[in-house]
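Enquirer: Below: one structure in structure tokens.
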Amino acid sequence: MASPKQTGLTLAIIGCGVMCSSILEGVLASTTKQESAGTEPLISNFVATVQSSGSVERLKKQFPSRLKVIQGGNVQAMEEADIIMLGCKPYMAQAVLGAPGVREALRGKFLISVLVGTTPDKLHDCIYANKANNLSGPDDFCYIRRALPNLAASLGESATVAQASGSAAEQGKPLPEHFQAAMDFIFTSIGKIHIVPGDLYDIAGILSGPGAVFTTVAVDGMMDGAVQQGLKRIEAKKILAQALRGLAAILEDGQHPAVLRESASSPRGVTIEGLLSLEEDRVRHAYSKATIRATERSLNM
Ligand SMILES: NC(=O)c1ccc[n+]([C@@H]2O[C@H](COP(=O)([O-])OP(=O)(O)OC[C@H]3O[C@@H](n4cnc5c(N)ncnc54)[C@H](OP(=O)(O)O)[C@@H]3O)[C@@H](O)[C@H]2O)c1
């Protein structure tokens, strides 16, 4: 079969580990779907960099076609790309973005970071803080946006939170349409994207990542109760997983949780008995407190 026409944008992933491999898998699947439907794909060329030869082999095995893998060649990958996704560990950002040639390679391009706890301003400083350069105005800089996929990215069910604005140095310049479309395309390939203002990024990110993890405490508690009442744990987990899938669909359909609780509670019924027990133990307060505490921690990192 002839290889697809190489017409769309080029995406470079700098540090293609666990998270970015999940993203890449979703994006490649969406690109293939577009091509099969006869639509010109938004992104058609893919480059990835990693540090070790073991990871080069892993990527070649996981993505045998379409992906060009470069060991350590970050600047080369940035030069070849229109959109650059940063996927290394947060502590590596300075070394990767501060390397010679990066600021020139990124000029006018679009940098998307998935690094936890790293603001667009911090990323901007990693690239441009050294004043010994001739870049001075917003037109010289790259556009920077951050996005936080969650642990369900590999299953195509991420609730990705993205920041609407870039670094202060961009002076409020809007993201060009083709870059915005590419960002939407990338993250809808692995689930849903929620774009929020910068000051709400941390709380939205807490709901998407740790928030989903917090609910495992409730799941575990109910599983213990089910086992005490004679059900096998594995059976209890299956039932709860499907019940939660249904709950997610109901909430997405617009139902308010309080209304749902009320309509599920019959007089002298079992649901109200359990709900009152939860209120006695201040579970609702415990969850709002955990959400606030986690957000405060995130803001102070
Ligand atoms: N995992 C999650 O659930 C999750 C969720 C949200 C956000 N994130 C963010 O995603 C980022 C990546 O996390 P991860 O779990 O995917 O980590 P990871 O698997 O360790 O991936 C990091 C990748 O960076 C590569 N790398 C290291 N130094 C490099 C360099 N100098 N140049 C280019 N590539 C380099 C590594 O290559 P080698 O393998 O060859 O060392 C590795 O492939 C983190 O910033 C994290 O905050 C992760």
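Each Cβ is built from the backbone N, Cα and C atoms, and glycine gets one as well.
TrEMBL: automatically predicted annotations, no manual curation.
Fair warning: this is a prediction, and the values are worked out from it, not measured in the lab.
TrEMBL lists 11-117 with the feature domain 'Pyrroline-5-carboxylate reductase catalytic N-terminal'. The NADP(+) binding site annotation in TrEMBL covers ILE14, GLY15, CYS16, GLY17, VAL18, MET19. Feature annotation from TrEMBL assigns NADPH binding site to ASN74. The domain 'Pyrroline-5-carboxylate reductase dimerisation' annotation in TrEMBL covers 200-300.
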Enquirer: Calculate the distance in Å between the alpha carbons (Cα) of the residue listed as 'NADPH binding site' and GLY17 (NADP(+) binding site), and round it to a whole number.
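Expert: Cα-Cα, rounded: 14 Å.
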Enquirer: Pick from GLY15, GLY17: which of these binding-site residues has the biggest number of other Cβ atoms within 10 Å of its Cβ?
Expert: GLY15
Enquirer: Looking only at the domain 'Pyrroline-5-carboxylate reductase dimerisation' (200-300), what is the model's average confidence as pLDDT?
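Expert: Residues in the domain 'Pyrroline-5-carboxylate reductase dimerisation' (200-300) carry a mean pLDDT of 97 in this prediction.
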Enquirer: Taking only same-chain residues 6+ apart in sequence, whose CB is under 8 Å from that of ILE14 (NADP(+) binding site), what do you get?
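Expert: The list for ILE14 (NADP(+) binding site) reads THR49, ASN74, ALA77, MET78, ILE84, MET85, LEU86, GLY87, CYS88, VAL96, given in order along the sequence.
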Enquirer: Suppose we draw a 10 Å sphere around the Cβ of ASN74 (NADPH binding site). How many other Cβ atoms does it contain, all chains included?
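Expert: Step by step: centre on the Cβ of ASN74 (NADPH binding site), count other Cβ atoms within 10 Å, giving 23.
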Enquirer: Counting every protein chain present, what is the number of Cβ atoms, excluding its own, within 10 Å of the Cβ of MET19 (NADP(+) binding site)?
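Expert: The Cβ of MET19 (NADP(+) binding site) has 23 Cβ neighbours within 10 Å.
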Enquirer: Inside 10 Å of the Cβ of CYS16 (NADP(+) binding site), count up the other Cβ atoms and send me the figure.
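Expert: Step by step: centre on the Cβ of CYS16 (NADP(+) binding site), count other Cβ atoms within 10 Å, giving 29.
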Enquirer: Compile a sequence-ordered list of residues in the same chain as VAL18 (NADP(+) binding site), six or more apart from it, whose Cβ lies below 8 A from its Cβ; state 'none' when nothing qualifies.
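Expert: Long-range Cβ contacts: none.
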Enquirer: For the recorded NADP(+) site, enumerate neighbouring residues of the same chain (Cβ within 8 Å of the Cβ centroid of ILE14, GLY15, CYS16, GLY17, VAL18, MET19, site residues themselves excluded), in sequence order.
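Expert: Output for this site, in sequence order: ILE13, CYS20, SER21, ALA48, VAL50, GLY87, CYS88.
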Enquirer: Taking DSSP three-state, what's CYS16 (NADP(+) binding site) in: helix, strand or coil?
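Expert: The residue in question, CYS16 (NADP(+) binding site), is coil (DSSP, three-state).
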Enquirer: Could you count the residues of the domain 'Pyrroline-5-carboxylate reductase catalytic N-terminal' (11-117) that DSSP puts in helix, in strand and in coil?
Expert: 49 helix, 25 strand, 33 coil
Enquirer: How does the domain 'Pyrroline-5-carboxylate reductase dimerisation' (200-300) divide up by DSSP, counting helix, then strand, then coil residues?
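Expert: Counting residues by DSSP class gives 84 helix, 0 strand, 17 coil.
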